[in-house]
Amino acid sequence: MSYLAGGSLGGLESWEEEFSQRLSQSLIQLSQRHRLIILFSVGLVTAIEISNRLSINVLLPDLQGNVAGTSDEVSWVVILYNLGFLCSMAISYWMTRVLGSRRHLLLSIALYATGAIGCFSSPHSLKLLLISRVVMGFGGGAFLVRTVILIRLMFPGKAGIFAVSCLYIELCAFEAVYPVAMGWISDTLRWNYAFLLDFPFLAIGTFLIWKYLPWGHLSLRSEKSYFDAWGGGLLIAALGSMQIALSRGERDLWFQSPFIVCFLVIAVVCFAGFLWWDWRPENPAPVLHLRTIWRQASLRTYILIVAIVGAMLGAGLYVLPQYLRFVQDYSAAQTGGFISTYTIGLGIGLLMTVRYGLPRLGGVKVVAVGASMMTAACTNFIYIWTPTTPTWLLVLSIFALGLSMGPLVSGASNIATSQAASFDLNDVSTSYFFIRQLGNTFGVTAATVMFDRRQTLHSARLVDVANRLDPTLQSTLAQYSSLIERDGGAASNPALGAIQIFQSNVITQSRLLSYIDIYFGLAVLGVVVLILLLVAHPKNAAAPARPHFHLW
């Protein structure tokens, strides 16, 4: 059986040919049972990381109150995790070349567990929580891309469909249970205790990876001995500076703040320096192998679509639990049930796409179907969201949202990476997930900025309308006052209580309108994806598709 199925690209570098030969010799020694155990073990830690990353959105309202943070500060819990995730992903291929897959995964599990312990230890400390989230993200950034690469190397061709289907089932099992479990723990104990849920599964995954994943390196000897400190340092500095500027930009009025301008300049300069350094032919083992990546026409063509898909995934999941907790009155466990409904829909969408959609339609048509479904699902939320939307309607709509994301994510990964040969798999897969996670970060940041601005606008307009409807307003306040006077007791202040109820209604309605605006933006992004598909005409568009599959 060949582990390098698929055509090879012309103009290969010498290290790629040597890598191909060593790769086949290393993998052919593994039995089918051995590969399935490896699949389960790496899938287990990946499932924990993804499930926790999904479920953290359920905890944000409880977390915000306990650490005394604003909505902007609480968004850093997601954004700084993404920063650590991006930094880890950027150097993950180099880490694998130096340490080998097993040692790299074990080190990443240790970092992820350390970050989880820090989150557990910070029930009232925002600073410790944010530091812990960066560490946790740095550990978790290795799992997804390593799992994808190992699957595509160990299960080439049609065997990959079976392997990915098994892995999707493993992921969906955890994703369906985890949000409810973490929400229940938050309701019953405290939100920080939810992070302890990871540890039994991390222990099992650590043992299986240590026992069954082979030692050794799949890289070249010359690469293992070289440490690209300049490349890694420039990239991490660029990402860190960019994230600081994005996280603080809205609070510090963006370009009106010398602090924000300084960090944006640092980010641009460091990123330009990284591009120059990584591209140099004299660099024996660059961080991302940009020369190799640039040869991938499909990745170059669809890079913007990949980033948009990441933004839609991140922003949608960030907003949904906040609507359920702040506008509706669902508990953390109940909100987790809605998120589980989303993940079940996502899992079904992924499985249907992998087994039927991609083999029959190809990546481009699948992305078009997914973008159309996503636009319809987001538009549906615009019309059904109210403070009293029935539960059954929310369940169906959230399931449809997850279902539509399945073909969009699978199709985007296929059109961006399906033409990559096995010796370029590490670079192309790492770049794909890096771009998508960067889009995820931009999506959450944009949702936070948009929420703050739209809430201010809607609050002002609602109060202005209330002032123009003074008779109606006075009648409503009188009703509130009578209710408080009747049921509030002798110590109550009916007039003040009526004003507070009115203010609460204004805040709730302005939040609702802001969330609707964000989902309107997501619907527009779905249309943008369709337009980009029409505009993009890669040279190999007419070539027969070779289905390659990615995890979401």
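We count from 1, first residue shown onward.
Cβ atoms are placed via backbone N, Cα and C, with glycine included.
Whatever TrEMBL says is automated annotation, not expert-curated.
In the predicted structure, the domain 'Major facilitator superfamily (MFS) profile' (35-541) carries a mean pLDDT of 85. TrEMBL lists 35-541 with the feature domain 'Major facilitator superfamily (MFS) profile'.
As annotated by TrEMBL, transmembrane segment applies to 36-54 (among others). Tertiary proximity for the transmembrane segment (36-54) is limited to same-chain residues at least six positions away from its ends with a CB under 8 Å from its CB atoms, namely 30, 81, 105, 109, 112, 116, 140, 143-144, 146-147, 150-151, 154-155, 163, 166-167, 170-171, 173-175, 177-179, 182, 195, 198, 201-202, 204-206, 208-209, 212-213, 317, 339, 343, 551.
Feature annotation from TrEMBL assigns transmembrane segment to 74-93 (among others). Proximity of distant same-chain residues to the transmembrane segment (74-93), defined by a Cβ-Cβ separation under 8 Å and at least 6 residues beyond the stretch ends, is recorded for 53, 56-57, 60, 63-64, 67, 104, 108, 115, 129-130, 133-142, 145-146, 232, 235-236, 239-240, 243, 246-247, 287-289, 314, 318, 426-427, 430, 433-434, 437-438, 440-441, 444-445, 447-448.
Residues or ranges marked as transmembrane segment in TrEMBL: 130-149 (among others).
Feature annotation from TrEMBL assigns transmembrane segment to 161-181 (among others).
Sequence annotations record features per position, and here TrEMBL assigns transmembrane segment to 193-213 (among others). Sequence-distant contacts of the transmembrane segment (193-213) (same chain, six or more residues past either end, CB-CB distance under 8 Å): 34, 37-38, 40-42, 44-45, 47-48, 52, 55, 59, 101-102, 105-106, 109, 112-113, 116-117, 119-120, 174, 178, 181-183, 185-186.
If one looks beyond the transmembrane segment (225-246) by at least 6 residues along the same chain, the residues whose Cβ comes under 8 Å of a Cβ in the stretch are 79-80, 82-83, 86-87, 90-91, 94, 98, 260, 263-264, 266-268, 270-271, 273-274, 277-278, 283-288, 441-442, 445. According to TrEMBL, the transmembrane segment annotation covers 225-246 (among others).
Here TrEMBL flags 258-279 (among others) as transmembrane segment. Proximity of distant same-chain residues to the transmembrane segment (258-279), defined by a Cβ-Cβ separation under 8 Å and at least 6 residues beyond the stretch ends, is recorded for 230-231, 234-235, 237-239, 241-242, 244-245, 248-249, 252, 286-291.
Residues or ranges marked as transmembrane segment in TrEMBL: 299-320 (among others). Beyond its flanks by at least six residues, the transmembrane segment (299-320) meets 54, 57, 75, 78, 82, 293, 338-339, 342, 367, 374, 378, 398, 401, 405, 408-409, 412-413, 415-417, 420, 428, 431-432, 435-444, 446-448, 451, 515, 518-519, 521-522, 525-526, 528-529, 532-533, 536, 538, 552 of its own chain at Cβ-Cβ distances under 8 Å.
Sequence annotations record features per position, and here TrEMBL assigns transmembrane segment to 332-354 (among others).
Remote same-chain partners of the transmembrane segment (366-385), defined as residues 6 or more beyond its termini with a Cβ less than 8 Å from a stretch Cβ, comprise 305, 312, 316, 323, 327, 349, 353, 357-358, 393-394, 397, 400-401, 403-412, 414-415, 512, 515-516, 519-520, 522-523, 526-527, 529-530, 533. Summarising the annotation, TrEMBL assigns transmembrane segment to 366-385 (among others).
Annotation comment: TrEMBL describes 391-409 (among others) as transmembrane segment.
Among the features that TrEMBL reports, transmembrane segment is placed at 518-537 (among others). Sequence-distant contacts of the transmembrane segment (518-537) (same chain, six or more residues past either end, CB-CB distance under 8 Å): 301-302, 304-305, 308-309, 311-312, 315-316, 319, 364, 367-368, 371-372, 374-375, 378-379, 381-382, 385, 408, 446-447, 450-451, 454.
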Do any residues, 6 or more residues outside the transmembrane segment (332-354), come within under 8 Å Cβ-to-Cβ of it, and if so which ones? 54-55, 57-59, 61-62, 161, 164-165, 168-169, 171-172, 175-184, 186-187, 191, 317, 320-321, 324-325, 366, 370, 394-395, 398-407, 409-411, 549, 552
